[in-house]
Amino acid sequence: MITNRTFTMIKPDAVANGHIGNILAMITNAGFRIVSLKLTQLTVTDAQAFYAVHAARPFYGELVEFMSCGPIVAAILEKENAVLDFRTLIGATNPADAAEGTIRKLYATSMGENAVHGSDSDENAAIESAFHFSGREQF
Ligand code: RTP
Ligand code: MG
């Protein structure tokens, strides 16, 4: 398994608010190489499957509805220590707790509508990348 990659989505709130360009600039300025990139939209079924790990959580329905409500940007990113370094770059789940200069501090609006997703392990990065991109789409 390739372990220097992570998977991200720019969530519907940040896309709708016009932040795609600024967020991609922050990502590349932080040293991540873009392996794959697309503008797409999750169906309700897609979002349920992607977030199946959270199915028992009270926010699951809201999360699925939000993540399927509009276009997202999906991307695979490459860098040494990608998973952990990317989670540092995006900041805490709740923007109120996110460090200064992080993507969520700058662009998230709430705990639910928090601008970006970042994989939480190498294993999930590989699963989430394969959910969105074929081998031919990974450069
Ligand atoms: P993500 O998976 O999107 O990168 O976020 P995360 O690891 O920081 O947070 P996680 O615990 O995996 O939760 C996934 C997403 O669910 C929404 N959420 N809402 N209302 C709530 O209490 C709540 N808690 C989580 C957020 O959109 C979070 O990013
Ligand atoms: Mg997570």
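These residue numbers are counts, starting from 1, taken along the chain as shown.
Cβ coordinates come from backbone N, Cα and C, glycine included.
Note that the structure is a prediction, hence the values are computed from the model and not measured.
The active site, pros-phosphohistidine intermediate feature in TrEMBL is assigned to HIS117. Positions annotated as ATP binding site by TrEMBL: LYS11, PHE59, ARG87, THR93, ARG104, ASN114. Summarising the annotation, TrEMBL assigns domain 'Nucleoside diphosphate kinase-like' to 3-137.
Features per TrEMBL, on structure.
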residue : record           : contacts (Cβ under 8 Å, 6+ apart)
LYS11   : ATP binding site : PHE66, MET67, ILE72, GLU113, ASN114, ALA115, VAL116, HIS117
PHE59   : ATP binding site : GLY112
ARG87   : ATP binding site : GLY118, ASP120
THR93   : ATP binding site : ARG104, MET111, ASN114
### Query
Per residue, counting other C-beta atoms within 10 angstroms of the C-beta, which of the recorded positions ARG104, HIS117 reaches the highest number?
ARG104
### Query
Counting each residue once, how many in the domain 'Nucleoside diphosphate kinase-like' (3-137) are helix, strand and coil under DSSP?
64 helix, 24 strand, 47 coil
